[in-house]
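Okay, so here's the structure we're looking at.
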Amino acid sequence: MEKQDLSHYPALNVLIIDDHTLVHSTIKRTLFDLGITNTFCASNAFYALRLCEEYKFHIVICSFNVNSDKDGFHLLEELKFKGYVSKRTVLIFLSADTEEALVNSVAELQPDDFWAKPLNHHQIETRLAYTLDIKKTLYNVYQAVDDKEYSKVVYFVERHLLNNKLKKYFPHLLRMKGEALLALREFEDAEAFYRELLETNKQSWVHLGFVRALIKQDKIEEIEDLLLTLQERIDTRFATYDLLAQYHIEHQAYEQAYDEIKKASALSPRNIERHKKLWDLARLTQDFEGQFVATRNMAKYAKNSIHESPEMYLHVIRSGIDFASTLSDGQSTKVIQQVEKSITDLEKSGFELKSIKEQMQVIQARLHNVKEQRRLAERLVDTHVSLQVNPSLEDNLDKVKVFHELGRREEAMILLDAVQNQVTSDCLTGQVVSKYVEHEVEQRGEVHFTAKQLNNMAFQFFQRNRFDSALKSLSQALQITPKSARVMLSMLKVLVAINRQEGLDVEQKQLAEELVEILSQAELNEKQQQSYQALADELVVKLGVKA
């Protein structure tokens, strides 16, 4: 796109994407009055993409509601990914819905304007003319942003700021300068820039830029009060949660990062990369239910987008099996049913599945095992699963799990060694996955059964009054599922039984106190709460354990 195109309205190509022909007519009529005649309309994403392959558009006006295939968010994401839309393109988003999650999702794609329906002639005319004027006047800045030449961005902005005739564009220029300084990692300069700007400008982007600059310099203590305020503001809380999550990841405070990114994902649910990060953190913090929820959200929001792939389905299926293997039989059955539905969805998805034949065999073997159909699982593994390392780290991890679950420790450890060599730590996500794999290596070397198997073993030991063995099995189960209230309650029950029989030793009493303390703050269902109260009350009375 050339600068002169933006000055000559008859030369502009406009794409309108909306599933209502009335919207097409309203916008086309207004554009015609402005002298813009090359207008193309699409009612669905498929046709919009075809038009973008044939024509270069200067203006793209896209509705969230796009018929039958992709929603507007996914379509704009794809248009950006394929290079059909750049910072020099006028990008406008339309929606009758202004709820927070949608607005946050759209804001991440950085459109030039957001038009709320219903539209009127005057609104379209004045706002489009203003946006085109900005693009034309600040063209060299936008071109430098497209080229990722951020030093040029700063240079051009500073020159424009010397021209008082451009005063009405100063807010746009200042915002782009701040973003360029952050992109250049000039965090001290960015801090000084935003600090000065805050004296006269209290807009959300100024506060967020200032916070980002200080966080990157480890000056979070200086802005603790500001962070609390920004988390309460509707226009800043989403971005603040995201910044805090990133900060905690960089400082390996993964539990805190996990808490923050859950909040950010809830407020902007269509961002797949954030859900992937949420999934990684759920794995690292051993939240099996959280892993299942994160992968299901990934698959849900990837539907009909550039992100949709067989791997998205595999993530859901595998995390579901992981989750099911930590639950009691009744709860496990419900999750297994959801997993089996995901397998059916994958088979009906239209993707070519020949290339993931072994992966599906591993999944079926793991499913048989979690259903306690061990012989069927072993037969599948013996016949269809090799020790050959796959290019995919996730495929290899799943092989490790099936070998481990079948008690084939040697094969599991051979593959885990290979997995360790596949992990790259050159990015934050890589560092998180690296930590997760390290934990897997350590845990699978020490614990030779699944959490479900260990719980079943503990039950059998308890029935035979072998309380020490039951406690050992449950302690290993807790290593795998450290947040499981069910396992902790079972341990407390065993400790009460030991105390009734022979009394607790010093270590056991300390363990009882720790469990009582953790469970007193845990979210328990009604049945668990009753069980906890009865066990804790007995320990308090007989041992003086602090409840």
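Note: Cβ is positioned from N, Cα and C throughout, glycine not excepted.
Remember, TrEMBL labels are computer predictions, not curated facts.
The annotation coiled coil is assigned in TrEMBL to 353-380. Same-chain residues lying 6+ beyond the ends of the coiled coil (353-380) with a Cβ under 8 Å from its Cβ atoms: 310, 314, 317-318, 321, 324-325, 332, 336, 339-340, 343, 346-347, 386, 390, 395, 398-399, 401-402, 405-406, 450, 452.
Look at TrEMBL and you will find 13-132 tagged as domain 'Response regulatory'.
The DSSP breakdown of the repeat 'TPR' (238-271), given as helix, strand and coil counts, is 27 helix, 0 strand, 7 coil. For 238-271 (among others), the entry in TrEMBL reads repeat 'TPR'.
According to TrEMBL, the feature repeat 'TPR' maps to 451-484 (among others). In this model, the repeat 'TPR' (451-484) carries an average pLDDT of 84.
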_Residues in the domain 'Response regulatory' (13-132) grouped by DSSP into helix, strand and remaining coil_ = 55 helix, 27 strand, 38 coil
